Amino acid sequence: MRKKIVAGNWKMNKVLDEAVALTSELVNMAKDEVRNDAKIILCPPAIYLTTIQKYIEDAPNFALAAQNCSDKVSGAFTGEISAQMLQSIGVQYVLIGHSERRQYFNETNALLAEKVNTALSFGVSPIFCCGESLEQRQNEDYIGFVKNQLTESLFHLSEEQLKSVVIAYEPIWAIGTGLTASAEQAQEMHAALRAHLASKYGAEVADEISILYGGSVTAASAPELFAAPDIDGGLVGGASLKSREFTNIIKAR
Ligand code: PEP
């Protein structure tokens, strides 16, 4: 059975008090209201990870992800955060290849392959983000484009390594725009990505990989998206900053 996951990417938002308040509200709401077995992954800014960890320690369905890590193990890389540091504070997941990192920090598929390797070597599971731009969706083989992101950043992994990876399909045209992919559009891509994984690793392995959808998910759009057979949960940006909205999304999973 694939893991059901709802992850909240806070990006560069919230000061410390706000981050703590949001976490406390989410933990309390989840305790009172969430009856499904979804894993809830919070991705706060790295500076808050150790603090937020204390607020989720009695909530076993919660886990933490960093929003990024270095491809390097350690050394003179001022400002960077390593996978080993994440491991040392007990962070289980890391977002790798978010479209904002690809766009603003020029992260290529080859670099992301290195980041995936480094994260896995320290036991931190990558949440590997992929997705096409609006231009690519309109003009090109958009499914082939996203399949290639997987090929170039993940297909060197062993079967055992791949099983530790979560994939998040996030069409760039739907991130932060209020435009959500329809459940049909998302399902089409998720099924294609799962078939692509199966072509390399076999159907049984592909069937174990959680593939999340991300892109303007709200409590209103989540139920239909999450009902699609190949959508195993969501990676949520804007709506994860509001405890009521995010809890309702979790409940839809
Ligand atoms: C994201 O940043 O991963 C994301 C999906 O953002 P939003 O939900 O705001 O579109």
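Placement of Cβ uses the backbone N, Cα and C atoms for every residue, glycine included.
In TrEMBL, annotation is done automatically, which means it is predicted and not curated.
The candidate list SER24, SER158, SER216, SER221 contains one residue that TrEMBL assigns to the substrate site with ASN9, TRP10, LYS11, GLY176, GLY237, GLY238, namely SER216.
Here GLU170 (active site, proton acceptor) is positioned 12 angstrom away from ASN9 (substrate binding site), judged by their C-alpha atoms.
Apart from ASN9, TRP10, LYS11, GLY176, SER216, GLY237, GLY238, the substrate site neighbourhood in this chain, defined by C-beta within 8 angstroms of the site C-beta centre, holds ILE175, VAL236, ALA239, SER240, LEU241. Fewest Cβ neighbours within 10 Å among the binding-site residues GLY176, GLY238: this applies to GLY176.
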